[in-house]
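Following: one structure in structure tokens, then a few remarks.
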């Protein structure tokens, strides 16, 4: 039975956008032809443009595989253990887990109320309310798209480093010093090839991509099991374990920072390992029963990633050589040499292949989250060329957004050629925008819109407000750590460029906010719809 076409209400006309991208804003489709997810999306003023085939496993895998805590711990281990030593590393990881659980719960509740692609950017706009929503939305749009695209590029370089570390292990006559342009040229070529392979999988149709999610989770679990079982056996037969006193009480200062801040810098790595769990929200418009499933995906992916990471941190502290030996290893990725020392030549090659494959699948899943975020921001007219970027393919995929992500990530990788500092400086800012976005959402929810969306299907109930405040304080603290120099005294080569890059991204967001006419920025209309829905619910 067809619904009767109606003229837009006066309220709808007041908030309706003038941007042609949202000609569907006041459309009245046949309600009987839509499921609950599509009806809710249409109530917000969006039509169902993407496929909606994925369920809980895909939602969980989107965040779990994008985090890849096993790979994150391994890739950054030598940095993390140098700030405060083993005692600081494991204790900071435990503290990080607790506050990540709280932050994930807060974001899951918001996602349950607003299960739309682009998630974190749309949530920020909602948390700012009528007065600041537009500003928050613009800023977080640029923060989050930059963070995810930079993460994709940095992952490819990390995978390249695992591969190129075999030069050191096999004693090949080729430099592995990043100051040597020959090494950087090869590193760049390999990184670009890995990017092409990883993002190429993003063009698969949604039904086939379910297999990618399963393989990605399988590789992570295989990586975890091999480290937990094979590595300690190999260490017991080679150089032996560290003692418990070393693991649980040893301190170290590789950073040169004052003692207290040196310990605080251990959060520099632990915070970066457990970030990005909002990826389930980015694919919420492709998820069935999204208001519940996407929220569960955020929460359980954060919990699972943190829980499998803790025994791995303890294991690595017991199994790795002492810090002097660790810092004397000359490979681009020291863990490859450690695997060679313990597992032998054939064993370490197999383990390195698992590491590289894990990072490739980590990158392709992160690419799914990143492209959906870019697509959603473009759909709302925030980005240049939004009309083209927001188009979808016949298979209901955001292919143009994938192309944009691929091109930008590829250009970021080109900075490897400039100098060893250039690319490192860019990727150092990868985690900062996401963490500050978490803080901004918590700020808005606590101070500006504290009474909104208290009836989310996935709700924290009475814990919502205190958890939101805790998430705000925690993520502000992490931002301060991530803005700090990692090595002291500060010189041109040790300067942390994250604050500079972050300020530039924020300035770009402010410029687009000022220069884009308000009537063309679509979440202003979306928020009008959201507030109408909230008023009707109340």
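Positions of Cβ are set from backbone N, Cα and C atoms, glycine also.
The range from 378-400, 401-423 that TrEMBL describes as transmembrane segment is residues 401-423. Checked against TrEMBL, the range among 185-204, 325-344 recorded as transmembrane segment is 185-204. Among the ranges 242-259, 260-277, the stretch that TrEMBL annotates as transmembrane segment is 260-277. Sequence-distant contacts of the transmembrane segment (494-516) (same chain, at least 6 residues past either end, Cβ-Cβ under 8 Å): 134-135, 138-143, 146, 381-382, 425-426, 428-429, 432-433, 436, 482-488. In this chain, the transmembrane segment (469-488) lies in contact with the transmembrane segment (429-448); the count of Cβ pairs under 8 Å, excluding pairs fewer than 6 apart in sequence, is at least 3. Here the transmembrane segment (469-488) has long-range neighbours at 79, 83, 99, 102-103, 106, 255-258, 261, 264-265, 267-268, 271-272, 431-432, 435-436, 438-439, 442-443, 446, 494-496, 498-499, 502, meaning same-chain residues at least 6 beyond its ends whose C-beta is under 8 angstroms from one of its own. Across 93-123, 298-318, 349-369, 401-423, stretch 401-423 shows the highest tally of CB pairs under 8 A with the transmembrane segment (185-204). When Cβ-Cβ distances below 8 Å are used as the criterion, the transmembrane segment (298-318) is approached by residues 60-64, 67-70, 72-74, 77, 81, 86, 89-90, 93-94, 96-97, 100-101, 103-105, 107-108, 111, 224, 227-228, 231-232, 235, 241-242, 246-247, 273-274, 277-281, 458 of the same chain, each at least six residues removed from its ends.
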